[in-house]
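A.B. asks: OK, TrEMBL features for this one:
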- A:9-61: domain 'Myb-like' (DOMAIN)
- A:12-61: domain 'HTH myb-type' (DOMAIN)
- A:62-112: domain 'Myb-like' (DOMAIN)
- A:62-116: domain 'HTH myb-type' (DOMAIN)
- A:124-185: region 'Disordered' (REGION)
- A:127-148: compositional bias 'Polar residues' (COMPBIAS)
- A:155-185: compositional bias 'Polar residues' (COMPBIAS)
Amino acid sequence: MGRQPCCDKLVVKKGPWTAEEDKKLINFILTNGHCCWRALPKLAGLRRCGKSCRLRWTNYLRPDLKRGLLSHDEEQLVIDLHAHLGNKWSKIASRLPGRTDNEIKNHWNTHIKKKLVKMGIDPMTHQPLNQEPNNTNNPQSLSSTSDDISMKPRSGSTKETNGTLTEDESSSTVTGQNNSTDNENHLLSNIYNDEELFSHLWSDETTTAEAPWSDSNDGFGGTLYHHDNNMSGAGADFPIWSPEGINGNDWTFLDYCQDFGVHDFGF
DNA sequence: AAAGGGTACAACCGCGGTACA
DNA sequence: CTGTACCGCGGTTGTACCCTT
């Protein structure tokens with residue numbers, strides 16, 4: 001007996017969202033929150049699957065999203081987190097404020113993976129690809145690349161095996177490629193040395209950078225304040241929505257959202 | 001200028017985990 | 001304890017856009 005479909009596939013609409021649908025979804029969530037994704041489409045007057053609404057909101061409409069390409073630091077952070085966590089995109093995303101798991105996953109698949117391969121690094125194991133003597137597909141990759149993404153040495157690196165990380169005390173083989181800036185080194189050294197961080201990530205505890213949008217925004221009422229001082233990069237530009245504006249039904253900003261996309265405001 | 005190929009990213013699908021009746 | 005419904009995650013697909021020829 002299989003699971004029942006989450007929604008009536010004959011009734012729900014699929015495909016790209018229209019501006020009108022976006023507006024309806026934003027309006028509804030800002031006024032009511034998202035108590036139940038399954039019921040939301042009906043209540044919001046959308047012919048969409050609840051799942052689709054949730055995805056649209058979390059990956060695209062959420063006001064705290066940062067848009068645009070990942071910065072070099074963010075990219076480097078993703079690489080390192082991936083080395084530790086594997087394809088745990090949501091965990092990785094939780095360490096990058098304003099970024100979604102989907103966005104990071106896409107960026108990994110389209111950019112980072114290729115860069116690593118180009119550098120002769122296996123994107124999955126984060127180990128050199130040319131360990132075998134006959135692997136000569138990219139002899140210069142480790143010493144000269146146009147991209148300065150590099151693997152950083154670390155004391156006790158981990159690697160993923162069947163979805164679980166195991167300690168590999170002898171795996172720091174990707175060394176000697178450290179041509180990144182001091183700034184990056186600083187950023188990453190903080191990460192490498194932060195055993196607490198990774199034990200935290202591996203636990204089921206909520207990380208500090210997790211977005212406040214889920215569940216905690218009961219009675220959301222349109223109030224959105226900075227929740228995390230960690231947001232120094234993107235968050236510094238985040239808007240602060242006042243309850244007055246929302247309660248006063250000042251939806252002007254939504255029109256802007258529609259005209260330009262919420263992301264154009266640096267949300 | 002047009003066609004074809006490549007790329008980026010939004011969106012969908014299916015599954016696992018979990019809460020609850 | 002079991003079955004069901006829901007949520008969230010990771011993998012995959014579809015398509016619009018960009019670049020090259």
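Heads up, the Cβ atoms here are built off N, Cα and C, so glycines get one too.
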A.B. asks: With DSSP as the yardstick, break the domain 'Myb-like' (A:9-61) down into helix, strand and coil residue counts.
C.D. replies: 31 helix, 0 strand, 22 coil
A.B. asks: Restricting attention to the domain 'HTH myb-type' (A:62-116), give the mean pLDDT.
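C.D. replies: Here the mean pLDDT over the domain 'HTH myb-type' (A:62-116) amounts to 84.
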